[in-house]
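Trainee: The structure that follows is given in the form of structure tokens.
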């Protein structure tokens, strides 16, 4: 399941485009949360990679980058995207949402789809997630952070989906 998302698929690795600087935009409307403040050690301690999180105001998740969908989890609570420059992002909607087994989540993409910034990825029932999950805070991490030459966070507090630029990245050449 994690083979393509974490760069273990040799075919996908060899097809990576030449490195370029790219922007990661907010995938949700909400309040920016520092990754270290996410109430889950897997994300707060950057075990999955570095990034940011958003406390969402609504249940509409859009693509934070242009790229290819490399993973849509069966429970629809997480999506993996690979950018043309080779960065691999994981958007994990809420915390402990895997236990909801897809209830309240509607995916608008599938593996192999090409997306642009702002394209709909997943809609979810925010009230149901508040009720059934540990938290609505949604981490967005670059899972191949060790392959980046540039990772610069921009200052922001409130985010607008598909519009607020949050991170500049560039994969090493």
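Even glycines carry a Cβ here, placed using N, Cα and C.
When I checked Swiss-Prot for this same protein, it listed these features:
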| type | residues | note |
| --- | --- | --- |
| ACT_SITE | 92 | active site, tele-phosphohistidine intermediate |
| BINDING | 77, 92 | Zn(2+) binding site |
| DOMAIN | 40-144 | domain 'PTS EIIA type-1' |
| MOD_RES | 92 | phosphohistidine |
| SITE | 77 | site 'Important for phospho-donor activity' |
Trainee: Do you know which of the recorded positions 77, 92 has the most other C-beta atoms within 10 angstroms of its C-beta?
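Mentor: Highest number of other Cβ atoms within 10 Å: 77.
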Trainee: Where does the residue listed as 'active site, tele-phosphohistidine intermediate' sit in DSSP terms: helix, strand, or coil?
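Mentor: Assignment for the residue listed as 'active site, tele-phosphohistidine intermediate' reads strand.
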Trainee: Fill in the CA-CA distance, residue 92 (active site, tele-phosphohistidine intermediate) to residue 77 (Zn(2+) binding site), as an integer in Å.
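Mentor: Pair distance, Cα basis, whole Å: 6 Å.
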Trainee: What does DSSP assign residue 77 (Zn(2+) binding site), in three states?
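Mentor: DSSP call for residue 77 (Zn(2+) binding site): coil, neither helix nor strand.
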